[in-house]
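Okay, so here's the structure we're looking at.
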């Protein structure tokens, strides 16, 4: 397999389509349609170049202008994230949207970078490797910012739990994430697990990574300084994942075209681990000027982005690329998505130092060429020019579409179809409903999944699943740390995409503040159906507008993320699923608030008020109903609740806190009791009266801006005064009782924790073994 | 009893981290004569009685659906080994 570059060139198994040849043969038929380009896009390439593209240029344009890489359908909407940002919001932002990942100042000279991305399509085709390389890809984004990756999270969505294909995907994807992340030695501190038949042919595998760096360590992806050398290092380039971005992730699955599924990539986490350490040493020794990871679109993306972000030019010799498969054509080399590769720009003076570090870590590298100030990206193959383009036209000036959008006609009837099935009435019926809810696929215990992930490796995990947010200590001496949560509710977004996006943001924000951290920044992974469907495009536009408005109202900026379109099979789109990750900061993670109570006699308070909001709820979902309006979102109330929770944590008033969201108060109380196996006596009569709702509605409604907290007896007065002073509704609803081993809903029913635990923990093992 | 041997190899264009690790280990042991290693796997399916064309066909189906992952692996051999 090891073939020297020159030998590969000499083989010349294929006729090379040079720029000169292209200019002389304008009439040549090119497979632009097979590569995913539309006719007008191809014509634009011809117009830009003033001639037909070479095979290699066509390969580059087709992958870089794909939906996945160019954001051609989403760009016009995503602008809002920049436009709706105030200077105040940017206060903590060191690097914003547009780089590999955003960087946020968390104080004491430390910064954090985080980002969530999708790997949906590859994970459906090959679940294990698809999910594994999803983790690998997002981790490389973090490294390329100059940061040390410290944790990952994985929001996952599958089809119906009892569908025959679901087990294949769950087993493959969960073990792929665990296999890669655990091998890298990164704790997996949370995520989501949702089952819904809309994701049957299109599971969502989103991967978030977070990294830590000192302010002075920030690295950007640009190639500056004419004469500086361009180097490719890490794994060799093979034929894996060719066209993954252009074809696989940019078109709907269609059973009639199985041949459109190119080979997927196989990851090697141990190679990535070496790459992490090697890159960190490169940063520490300041031997690289700019760096870029290779993900979707491989070398096409890295060369054109580095060049257009820097001095504008680059000249490389493609036969210098180290290959795993010597038969690859230049076009394939440019498109290959082989994993565990990085590209860097190094000054000639630092070349020796660079090579020494590569030798130390036993990482293969090859010098490809140099940065120029010509404004052209020139790629040669054995001395003959096969690519001569303005890199900006490849990387940044791709097509931009104002896709038609239309509110679906069915939206009115969806909104009118409120949940009005018969509600459980009476103690026994409500108790059974709680047990049914807590055993349901979306509300059941997730440890079957999270136990396959290493959650505490590196020893800096302060909280992980099943707590509200994952918490990681950044500085071991001061305890400075961050909390991250990811949330989305596809059903809410289906009912109202604008409100749904705000609700996802609100929940994520609430989770972070429930853990005790002050929310600072947002990353998002927007999973939608086909942008060529005006209804889906409307959902997308509404979601982006909702998220941008919500971020502005909460004062937290979007720092980066990813858009995944074409998530549909056979013409049916998934629910709009805008996954929102919120990052918050802790001065000291030692004061984190866990999600379960432990201390006998502590008072249990419900913060916030409850309305009759069962549309789109987990309970309605259990009854197979989806219609009506999602719960009302009040971001001012969320902000206030967040401040109260953080203050209560800082001042040591609360020992446990859990947000009330999916599954309502019933789920919140059950999860708090099961967290440490400690029961409580609960009295809800007064709250029912105050809010004007019955017991069932109080327990199952999904009204927003609520949380349950456990307050030490000695702190009760202070806690109540704080809530009253800020005008935030709060009510004492019970007392922690370490003796009874049950949730005793006084004057109604007693729910033994054993019974609850058996129902809650039995579901995933029963389906997946 | 006869056995049917099934060999499965990672597709040539697919990265083989195990093979790569072995290729890296060989020179450290002084075994320098090899330029690459690819690691596959071998299955032995034991048959009660004769290997009829139907049984062999079943073995091929098993090889293509259960024993290999057609997305990243190729079945390189399905062969009957007579009774020893």
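Just so you know, glycine gets a Cβ as well, placed from its N, Cα and C.
TrEMBL: automatically predicted annotations, no manual curation.
The annotation in TrEMBL ties A:118, A:119, A:120, A:121, A:140, A:337, A:338, A:339, A:564 to substrate, and of the candidates under consideration, A:200, A:265, A:402, A:611, the one tied to the same site is A:265. The Cβ of residue A:562 (Mg(2+) 1 binding site) lies under 8 Å from the Cβ of A:115, A:116, A:117, A:118, A:524, A:525, A:526, each on the same chain and at least six residues away in sequence.
The local packing around residue A:337 (substrate binding site), expressed as other Cβ atoms within 10 Å of its Cβ over all shown chains, amounts to 30.
If you take every residue in the domain 'PurM-like C-terminal' (A:226-381) and average the pLDDT, you get 85. For the domain 'PurM-like N-terminal' (A:98-212), the partner stretch with the highest count of Cβ pairs under 8 angstroms, out of A:226-381, A:467-585, A:599-737, is A:467-585.
Sequence-distant contacts of the domain 'Phosphoribosylformylglycinamidine synthase linker' (A:34-72) (same chain, six or more residues past either end, CB-CB distance under 8 Å): 17-19, 21-23, 25-26, 28, 78, 243, 245-247, 249-251, 296-298, 300-301, 304, 318, 329-332, 334-335, 379, 381, 386-390, 393-395, 398-401, 531, 563-566.
Cα separation, residue A:337 (substrate binding site) to residue A:141 (Mg(2+) 2 binding site), rounded: 14 Å. Excluding the listed site residues A:71, A:115, A:524, A:561, the same chain places A:97, A:116, A:117, A:523, A:525, A:526, A:558, A:560, A:562, A:563 with Cβ atoms within 8 Å of the centre of the ATP site Cβ atoms. Other Cβ atoms within 10 Å of the Cβ of residue A:524 (ATP binding site) number 31 in total over all chains. By a Cβ separation below 8 angstroms, chain B lies close to these of the recorded positions A:68, A:117, A:339: A:339.
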